């Protein structure tokens, strides 16, 4: 969370305090429900508890400010990553028709110095092409790239880590000179 500015932390503190109705330094599922209700949402108690559990790193049953900060920092990181992924998609989608065809994928990977065999191309398409139409649309590309990014972060490579092994490049990373090396 050291990448958040003092201004962002101050804004997030204000937001946290709006949720923390009783001022005890934690957000309970009940407090979360109150705020969501004021925003026109009506989640069930079970849904509220699940939301709290997803953020509650220490298992206390409520959300402390540090946990709240962690959630918001992840959301900010994911937003920036999606912009980079969108740009990478544009690079792959040579004719800008909204789809990456097998030929476009093969062409870009070859230009990145990583030509694909027929089997490797088939594997990449199989992994990404969830609707089975033989090409990759933006949502399919985004899903695969965000999953790769999360996997890399969990493996300790952070958002700037890039491994140069061919197996990694062929499973989602776009190469050292590409805008998607942050993945």
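Backbone N, Cα and C define each Cβ position, glycine as well.
In the three-state DSSP reading, residue 22 (Ca(2+) 1 binding site) counts as coil. Annotation source Swiss-Prot lists Ca(2+) 1 binding site at 20, 22, 24, 26, 31.
According to DSSP, residue 56 (Ca(2+) 2 binding site) is assigned to coil rather than to any helix or strand. For residue 56 (Ca(2+) 2 binding site), the number of other Cβ atoms no farther than 10 Å from its own Cβ, over all displayed protein chains, is 18. The Ca(2+) 2 binding site annotation in Swiss-Prot covers 56, 58, 60, 62, 67 and is backed by sequence analysis.
Cβ environment of residue 97 (Ca(2+) 3 binding site): no same-chain residue six or more positions apart lies under 8 Å away. The feature Ca(2+) 3 binding site is assigned by Swiss-Prot to 93, 95, 97, 104, with sequence analysis given as support.
The number of other CB atoms found within 10 A of the CB of residue 131 (Ca(2+) 4 binding site), across every protein chain shown, is 10. If you look up Swiss-Prot, you'll see 129, 131, 133, 135, 140 marked as Ca(2+) 4 binding site.
Confidence across the domain 'EF-hand 3' (80-115), taken as the mean pLDDT and rounded to a whole number, stands at 84. Marked as domain 'EF-hand 3' by Swiss-Prot: 80-115.
Residues or ranges marked as domain 'EF-hand 4' by Swiss-Prot on the basis of sequence analysis: 116-151.
Swiss-Prot lists 173 (among others) with the feature S-palmitoyl cysteine, giving sequence analysis as the kind of evidence.
For 174 (among others), the entry in Swiss-Prot reads S-palmitoyl cysteine, with the evidence type sequence analysis.
The S-farnesyl cysteine annotation in Swiss-Prot covers 180.
The cysteine methyl ester annotation in Swiss-Prot covers 180.
Taken from Swiss-Prot, the feature region 'Disordered' applies to 154-183.
Considering only the binding-site residues 24, 26, 129, residue 67 (Ca(2+) 2 binding site) has 26 as its nearest partner by CA-CA distance. A Cβ within 8 Å of the Cβ centre of 20, 22, 24, 26, 31, the residues given for Ca(2+) 1, is found for these other residues of the same chain: 19, 21, 23, 25, 27, 28, 62. For the binding-site residues given as 26, 60, 62, 135, the lowest number of other CB atoms within 10 Å of the residue's CB is seen at 60. Per Cα geometry, 62 is the residue among the binding-site residues 62, 93, 95, 129, 131 nearest to residue 22 (Ca(2+) 1 binding site). Taken through DSSP, the domain 'EF-hand 3' (80-115) splits into 23 helix, 2 strand, 11 coil.
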